[in-house]
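Pulled from TrEMBL, these are the features on record:
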DOMAIN    B:259-378  domain 'ABC3 transporter permease C-terminal'
DOMAIN    B:666-784  domain 'ABC3 transporter permease C-terminal'
TRANSMEM  B:20-39  transmembrane segment
TRANSMEM  B:256-282  transmembrane segment
TRANSMEM  B:303-329  transmembrane segment
TRANSMEM  B:349-372  transmembrane segment
TRANSMEM  B:424-442  transmembrane segment
TRANSMEM  B:657-682  transmembrane segment
TRANSMEM  B:711-737  transmembrane segment
TRANSMEM  B:757-778  transmembrane segment
Amino acid sequence: MIRVHDLAKTYPMPGGEFPALTGVDISVEAGEFVAVVGRSGSGKTTLLNLLAGIDRPTAGQIRVAGIALHEVPEARLAAWRGRAVGLVFQFFQLLPTLTVAENVMLPMDFCGTVPARRRRPLALELLSRVGIADHADKVPAGLSGGQQQRAAIARALANDPPVILADEPTGNLDSSTAEAVLGLFRDLARAGKAVVMVTHERDLSGYADRLVTLVDGRVAEDVAVSA
Amino acid sequence: MRPRTVKMWRDLSAARGRVAVMILAITVAMSGVGALLIARTVIVREAEAVYAGTNPASATLEVEGGVDAALLAQVRARPGVTDAVARQTVLTRVRVGDQWRRMLLFVIAPDDPMRVAKLRMESGAWPPADGELLMERTAGPVLDAAVGDRLAVAGPSGATTEVRIAGTVYDAALAPAGQESVGYGYLTPAGLARLGFTASADELRIVTAERDEATVAATATGVAAWLTNQGREVHLIQVPPYQHPHHSQSETITGMFLAFAIAALVLAGVLVAATLGAMLAAQTRQIGIMKTVGATTGQLLRVYLGAVAAIAATATVLAVVPALLAGYGLTGLVAEMLNVEITNRATPWWAPAAFFAVGLVVPLAVALVPLVRAARITVRSALDEHGAGTRVGTRRGDRWLTRLRGGRLSALALRNLLRRRGRLALTLALLAAGGAMFTSGLNSSAAWRSWVDDGMARRAYDAQLRLAAPASVDTITRAASVVDGVIAVEPFVSLPATPASADGQIEVERTYPDDGHGRFLLAALPVPTRMVDFEVTAGRWLQAADTDGVVLNQSAVSRLGDPRVGDEVHLAVDGVVGRWRLVGTVAEAGGPATAYTSPQSVTRFVDPGTANMLHIVTAGDTAAVTGAVEGALTSAGLTVGESMLTEDLRTAIDEHVAIFIGTLLALAALMAAVGILGLAATMSITVTQRTREYGIMQAIGARPTVIRRMVVLEGTVTGLLGSLVAISLGVPLSILVGELLGRISFGLPLPLRLSPGGLVGWLLLSIVAAAAASLVAAHRAARLTVRETLTYQ
Ligand SMILES: Nc1ncnc2c1ncn2[C@@H]1O[C@H](COP(=O)(O)OP(=O)(O)OP(=O)(O)O)[C@@H](O)[C@H]1O
Ligand SMILES: [Mg+2]
């Protein structure tokens, strides 16, 4: 589902080029849950942005959900992203003026994947899958952090994308809520999605299948998580 | 509803205040656009309709000795001529109370078929009895009379005869009587003879099959040549444009005003764009999120354009009623001013379509750039926390800024102001454009007034009198100067003249056959004269040695085809062509086209030492003294044909443009309103965008009053800067408007005059409005709690 080969990304800085990623090789299959860890500044977010097509690589190949991201023009990526990738952020990033259900319906609207009359029932279904169906008609500000993150996950699933990318989704949650969210991602992987999650959580056993460790923009370790 | 549409509505309703300002700005501008669209289309069409409805003559030939029925029949048979009538126009006076008024008598034979230059009877019947006349419907106030009243009309000897007003007519080809301060009467040759005048139908009016000027001129010249062959003398050929006499003026002026109104609309569009741009800038992150869930640039752009369209459509619909009220109000005023009867008030079919199209398209077009910019932002930069921030310290201005250190409030406010250079530029542009048009409206009106004041001040005389026949200068001077209250008397010669060509041929004139529009005078003033001191625009004024020198005023210059100083000028008086050398040109406010020359150069037209007019300077009640002078002249055996007070001339001049100045001022106010709204909108945007910053300042101990004072200071400085830019931009704009307004009313650009009231008014208005707008915004900012401001999105 995800094939990354010899990926590099450098940022232009006043003092010269800054290499955020160098020679990264990673593969993620459908049904796999991969956790990416590393110190602050090691390039985790950079990698995720490249996988989501939000940023362009400086060198290397990157194939996600069947398309070669390094070859496709920027303009075509938006629609692809809406269908192929579900994104989850640390700060939830729900639109404040829309209700939770409307937030979930938004990707269906933009991508035209679901007929208008089917959108709300589908959104409610997704919300009950993440356990917050009761809050469907509240605005995000009325929800707790954990509930907002569940809503964000429901939104990431709106178009049933094969790939889920999450950047520190538990960073703003207490440990028991964080575990529930990790459980959700594990279930998504079991259901066949390729899940890549950047995290600072220490104990991922029982959730992630593999652990990729980045150090200074290089893959230092890529190991299976022991159960 | 689609979630994206829901989001747009919620965002708009959350920003209710700003949306209201945007709508108001467009509504105000569209009211102006609509009003002028109505006035322009209806007036121009109706003026043409009533004018064409009179079946005006294609050409008028002045034939010495008059045209009788037999000759008329022959003229009708000339090639190219489809119809012909012979009329006569006599300028005399009428006694109104204890004053004289000018009176134009239009003489029409009882058997005139009334197919050419038609009149419409409003009351009474044609022809009137010998002791009666019909009055033009606008002449009532000038003559202070109504149907059934008797008028004391002067004959050639000055003695008056009573004539009864038997009814009224509508003559669409004439300007309103009040505007020209002249009474219009219609009577038969017998009625004219009863007053003592010789009836002689010397104006031959012909209608040609083709109305284009070349054909008409050729036909008229052919008829003139034929008449000359018949031994008749033709003094004048007039071929007026086949248009209402005020057609081009009303078209130019309403066009200029329409341009002003559209400029106001563009301004309102800029305001909308700026406000939306700011609202979207605050939503950058949300745009990024929408893009991560699959929104394309095109989709977002359509949502935002939808918002603008909704705002513009609401505003345009709201503008319909004010536009109709103002438009028909203005139409009525202009119609009255042009003596045009509106029979069809409907606008052409395309006018409502154009109104709605302009109301939608202009705001959308102006808003397109900021909207595209906002919608095009990449997810990367929308969600970025790195490097996308402003790089302070690179530009020269920034380095200067960082030097403005210290905790002082003013320094901080100034730095804030300059930090958002784009926003500041926009606010200033809005204020400046609004203010420039506001001040130029007031400047033009001041220029108008000062030009007329100056024109009046350059006339030393308080009244001018015309004698029925030339008389000895000594007799005139002796008779007039003994009258109590007369300070100075200066007799002179003034003769109706006609531009002629170098070979002595009478030229075809492009003027109208009424006496006001298109008169040309040859005036021989004493050299030097004490009575006029016109501004010399080229060459010089007359000198005693100039035996054949002539000085033309601007109307005469354009009538003679823009001759240059040194050129030869040819004028015909009563069919006799004379040659002069152009020594200079002057600017003259009001008055007909005039060629000024010396008494010795007119001796072939009048006896030396005689004059037919006099200027007088009076002390005290001018009207009374002028009346006494008339009495003295009559006692000396002279007949006074006309007297005109200088102050009446001024009234006539002012009447001609009163509405245009009024409209200009109304539009100026409209512009000011849009400019101020723009300022209010941008001030509130600025404050909202800084909410977080104010929270931080409060968190580190700044009191709300300090913040409020800072914001107000920033707003006031913006207002001050904006009005300074406005005032300087207003100068070239005033020149432009003055050029246009002056050219169509006087044939000369108006001088640049700065209206102190306008300048100070705008300065105060924008500063006060800026302070008020920022105070409101600051009040809100200072009231927010620290926690609220820090979580503000
Ligand atoms: N737009 C940018 N311009 C310049 N440098 C950047 C940019 N984005 C990231 N970097 C640099 O690239 C490196 C990797 O950044 P990245 O955001 O991927 O780190 P991270 O592993 O996600 O860190 P954290 O755990 O703190 O989120 C950092 O040193 C960062 O400063
Ligand atoms: Mg990161």
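Including glycine, each Cβ sits where the backbone N, Cα and C put it.
Taking DSSP states H, G and I as helix and E and B as strand, the domain 'ABC3 transporter permease C-terminal' (B:259-378) has 101 helix, 0 strand, 19 coil.
Sequence-distant contacts of the transmembrane segment (B:349-372) (same chain, six or more residues past either end, CB-CB distance under 8 Å): 26, 30, 33-34, 37-38, 41, 262, 265-266, 268-270, 272-274, 276-277, 280, 301, 304-305, 308-309, 311-313, 315-316, 319, 323. When the stretches B:20-39, B:303-329, B:424-442, B:657-682, B:711-737 are ranked by Cβ pairs under 8 Å to the transmembrane segment (B:256-282), first place goes to B:20-39. Broken down by DSSP into helix, strand and coil, the domain 'ABC3 transporter permease C-terminal' (B:666-784) contains 104 helix, 0 strand, 15 coil. Residues 260, 263-264, 267, 270-271, 274, 417-418, 664-665, 667-669, 671-676, 678-679, 682-683, 718-719, 721-723, 725-727, 729-731, 733-734, 736-737, 754-755, 757-759, 761-762, 766 of the same chain, all 6+ positions outside the transmembrane segment (B:424-442), place their C-beta atoms under 8 angstroms from a C-beta of that stretch.
The average pLDDT computed for the domain 'ABC3 transporter permease C-terminal' (B:259-378) is 88.
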